[in-house]
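This report concerns only the one structure given below.
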Amino acid sequence: MDKKIVLNVTLMLENIHLSQSVFCEANLLTSPIIPSLTDPYVVLWQYVTGTLSFLGTISNIILLLVFLHFPKLLFGAGFFIALLLANYLVLCAAVFPASVYIVAKTAWHPRPEDCKNCRYYMLFHSTGIILSSWLEALLAVNRLVAVLAPTQYAFVKQPRLQWAALLSVVGLTLASTVPPFFDLGSGFRMNAQGLCVFKLTSSGASGLFSFNQYVPILLSAAALLTVIKTVVSSQLNLHRSRSRIGAANSATAVVAAAARRRMETTKMLGVSFAIMALCQLPIITLTLAIPYLQTVHPIAFMFCRFAQAVQCFLTPIVFLTMNKDYQGKIRLLWLGMKRPLPGASSVAPVRAHFRSVAAAVSGSLF
């Protein structure tokens, strides 16, 4: 009898390692009691996250429409800004609502097989979150080159180089998020609140996730701090020179206008990075720095997902409120709903732009 029990336990442990669905079942069945739908924390999280997702979807769509109607904004840093907004749109319109649905479904009728959904959900969720960090890093590096080496900026903003940078960060992102889908290096589990989370099972997967979590934030911080220091110093020098000269001539006015524009963009991206860093800090702390908090305070994961929804909602608001170009284009877009847009273009130039970009990419690859 004892041998039979030992054999059954051994087979069960082997199946847990071989079958992702059984692995999820084991974690769910041994978790604390899952709160019901009337649990105040669960209810509050669902409503707040759902509201932020809805508002974030609208704000991201509005700014993306501006980029589509004014394709000149897609050049330079605008290329990565548009991609960041598109990424946030997917998160707000599909990924976060899916998380709310999974939590609500689990709260109504918790079943071990519900954890099977985590395999698909975490593929899109983790890809979107990590990719947003890398896109913020590319924006910071773009600003760094524009400020410190303006003569080289024309080279940096070439479509061929921008697409190469994009493909590189997408590759790094997928290297972390695709292997778990095939049970390589990590698994999934559903915590007590019905949230899907990763469970890293190898040092390689843990190291790659740490790289994709920390490096983009550190790179963005170093680049933006350097840019802010340089821009502030140039602003002070310009103010001193204008004070010595007295009345500003036309050349000084042009330089001052360019400096103000540079400062405006730098402030906008700096605030965007600050939001990203603050909203990513909880999940980084929870999963990498202090992993035992996952079991001591399982409700903390809900705060992490809430912070990520805040990031996707606030970033387009920051871009809109801190960039006068976007505000002007929004006004033109609003006026164009009643009459033809002055200065706006149709979809044809956008298609032509992407055809030229595709041709450049194919030329660089082949």
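The backbone N, Cα and C atoms fix where each Cβ goes, glycine too.
Predicted automatically and left uncurated, TrEMBL annotations should be read as such.
Annotated domain 'G-protein coupled receptors family 1 profile' per TrEMBL: 59-319, in sequence order.
Under the heading transmembrane segment, TrEMBL lists 45-68 (among others). Sequence-distant contacts of the transmembrane segment (45-68) (same chain, six or more residues past either end, CB-CB distance under 8 Å): 74, 78, 81-82, 85-86, 88-89, 91-93, 96-97, 99-100, 103-104, 193, 302, 305-306, 309-310, 312-313, 316-317, 319-320, 326, 329-330, 333, 347, 350.
Annotation source TrEMBL lists transmembrane segment at 80-103 (among others).
The transmembrane segment annotation in TrEMBL covers 123-149 (among others). Within its own chain, the transmembrane segment (123-149) has Cβ neighbours under 8 Å at 76-77, 80-81, 83-84, 87-88, 90-91, 94-95, 98-99, 156-157, 165-166, 169-170, 172-174, 176-178, 180-181, 196, 198, 212-213, 215-217, 219-220, 223-224, 226-227, 230-231, 262, 265-266, 269, 272-273, 276, 280, 283, 308, 311-312, counting only residues six or more beyond its boundaries.
Sequence annotations record features per position, and here TrEMBL assigns transmembrane segment to 161-182 (among others).
The annotation transmembrane segment is assigned in TrEMBL to 269-293 (among others).
Sequence annotations record features per position, and here TrEMBL assigns transmembrane segment to 299-322 (among others). Same-chain residues lying 6 or more positions outside the transmembrane segment (299-322) and placing a CB less than 8 Å from one of its CB atoms are 41-42, 45, 48-49, 52-53, 55-56, 59-60, 62-63, 81, 84-85, 88, 91-92, 96, 99, 129, 132, 191, 193, 195, 197, 264, 267-268, 271-272, 275-276, 278-280, 282-283, 286, 293, 330.
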